[in-house]
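Per TrEMBL, the features are as follows:
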type: TRANSMEM; residues: B:26-47; note: transmembrane segment
type: TRANSMEM; residues: B:54-76; note: transmembrane segment
type: TRANSMEM; residues: B:96-116; note: transmembrane segment
type: TRANSMEM; residues: B:128-145; note: transmembrane segment
type: TRANSMEM; residues: B:176-194; note: transmembrane segment
type: TRANSMEM; residues: B:225-244; note: transmembrane segment
type: TRANSMEM; residues: B:264-289; note: transmembrane segment
type: TRANSMEM; residues: B:296-316; note: transmembrane segment
Amino acid sequence: MSASPTTTEPLSQPPESGTGTAILRTVDLTKDFRGFTAVNSVNLEVADNTIHALVGPNGAGKTTLFNLLTGFLQPTSGQILLRGDDIAGKQPEQIAHMGVARSFQITSLFDEMTLVEHLELALASPTGLGYKFWSSRKRLGAFRERSMELLSEVGLADRSGQRAGSLAYGQKRALEIALALANNPSLLLLDEPTAGMGIEDVDRTIELVKKVSPGRAVVFVDHNMHVVGSLADSVTVLQSGEVLAEGTYDQVRNDERVITAYLGETGDTHE
Amino acid sequence: MSAQLTDTVRVETAASAAPERRLNPFVRAALLVVALLVVLALPWYIYPPVAMDILAWGLFAISVDLLLGFTGLLSFGHAAFWGMSAYTTGYIATQVGVPFPVAILGGTLAAMLIAIPTGYLAVRRTGIYFAMVTLAFAQMLYFIANQASDITGGENGLQGIPKTFFGIELVETDSFYFYYAALPIILLGAFIAWRTVSSPFGRVLLAIRDNPARARALGYDVERYKIMVFVISAGIAGLAGGVFSVSHGFASLQELVWTTSGKVVLMTVLGGIGTLWGGPLGAAVVVLLEDQLASSGFNGIGIITGAIFIIIVLLFRKGIWGTAADFIERIRSGMASRGRGDA
Ligand SMILES: Nc1ncnc2c1ncn2[C@@H]1O[C@H](COP(=O)(O)OP(=O)(O)OP(=O)(O)O)[C@@H](O)[C@H]1O
Ligand SMILES: [Mg+2]
């Protein structure tokens, strides 16, 4: 081994394909908000081709962690390694072009635009068509077909011409997922994809995530343990910005500390 | 919870505007023809220099709408680009003696050039902070123009800008012909604005206006788009400012003063933002009103235009054009539903 300080990359051999390769790794990732540590020395490892759940009580730092991973917040310290390269300090749009897509916990759409326009914009992003201020916007129509495919994938094909602002809540969540999927990301981050959904939509979303997960890594946040149990290959439990436990769903579920954390959080029992 | 995103401060008025009023294409084409006819006939009915003022201010307002209505950015320093071009155009025309459209082109390029650093600094801020950076920049330019009196003429302004038009020397009394000579420049500016908003670029601008964080998550370099539209907007303001200074035959500090920035924003909001049509309508109202008040010897023009502004904004929340477009749409759909025999 040479003493090179740069990341170790195989010279000729491709990395062992399939599961086991970490697509994402954080090293002592920390975020301070004026003295309040929202994310504290988190070491997270997400293997390629797996579904990873991030759970924890409200305010645990899950969304903050997502914002760090996608460049919306800059870490106070620590590293974010995407396929071995440190992406800390990069801007959200740069990270998006590196194959990382996210959905937002609070539905985040263009309310005045139609569904199909949303997907056309998402699909046009890597092509640079958006910079063409002299050509007709009809050129976005080149992405129409793929947009419709994505919309049918999430069950919204019949609403393609509707404005996003007029959708029901569950449908907005579905559109969020379609947008995140549009450019075939290798790392998909979903922040509470099923929050506020009815049971039927929750099950649909579970099936959808299962269907689209092969060939990429998925990290999702969810408070619904049914979702976590049905989807996650591995689970990380965060509390007060720190990793409390890690493992498979069954391991984590029976972990003493996790049980205490959750019982302390949800006041089901009488005081 | 994801409201911690840094980019969520937006200009309220812009966020609440519809992206475009989806008037039926036939109605739109008819309106375009009517507008062209009005523009062509204007100097027959209105004192030509005043008609020219309406067009220049109208184009200036379009440049503001490109930012305010279509990108959600309130520039409160657009006088910088209008004034920069007014002075540069005047300087080229007096010093080099080229035809005035060439001088205006030079002025426009100068406006775009100074818009690059301004835009670069301003787009790092949003909302009121963006407005403040643009204002500060315009104030700085005002100060420089005031100091550099050997070029700008200081308090007296740059006088005696000729209206040379490819060999023809138009004089003061030729303002009727000057109107038609300058009209293509105004139409060019309006066309560029229209082209910009109806391009893929224009769709990205709307996305940025409505939800910058989402646009970034989709991979759009929001700051870069903002700088680009800022420079395009400055160029359009530059075309307008150049026409204005040649029309008047002088460029003065009035072109750079902050109230000029305020006045063009007022016109834009008055006419209705996010429409492109609104700006010229607002400009027509303000210019005609000021002309009437001035010729009647009234000297509280600011108070009257201010009051009218407040009334219109309170009565028609979407501005003159926005309200008119809704009205046309209502009549049309009313007729359509009667045709179907609905109640
Ligand atoms: N920009 C910010 N400035 C200050 N504090 C912040 C900021 N963003 C988040 N926090 C704080 O950091 C903590 C973690 O918030 P975060 O949104 O990451 O939690 P979460 O795990 O996603 O919770 P939830 O399950 O409610 O979505 C909270 O206490 C929150 O108030
Ligand atoms: Mg959260």
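Numbering starts at 1 and runs along the chain as it is shown here.
Note that Cβ sites are derived from N, Cα and C of the backbone, with glycine treated the same way.
Where the annotation comes from TrEMBL, it is an automatic prediction and has not been curated.
Between the transmembrane segment (B:225-244) and the stretches B:54-76, B:96-116, B:128-145, B:176-194, B:296-316, Cβ pairs under 8 Å are most numerous for B:54-76.
Put simply, of B:54-76, B:96-116, B:128-145, B:176-194, the stretch with the most CB pairs closer than 8 A to the transmembrane segment (B:264-289) is B:54-76. Scored on C-beta pairs under 8 angstroms, the neighbour of the transmembrane segment (B:54-76) with the top count among B:128-145, B:176-194, B:296-316 is B:176-194.
Residues 39-40, 42-43, 48, 51-52, 55-56, 58-59, 62-63, 65-66, 100-101, 104, 163, 165, 170, 232, 235-236, 239-240, 242-243, 246-247, 276 of the same chain sit 6 or more residues outside the transmembrane segment (B:176-194) yet have a Cβ under 8 Å from a Cβ within it.
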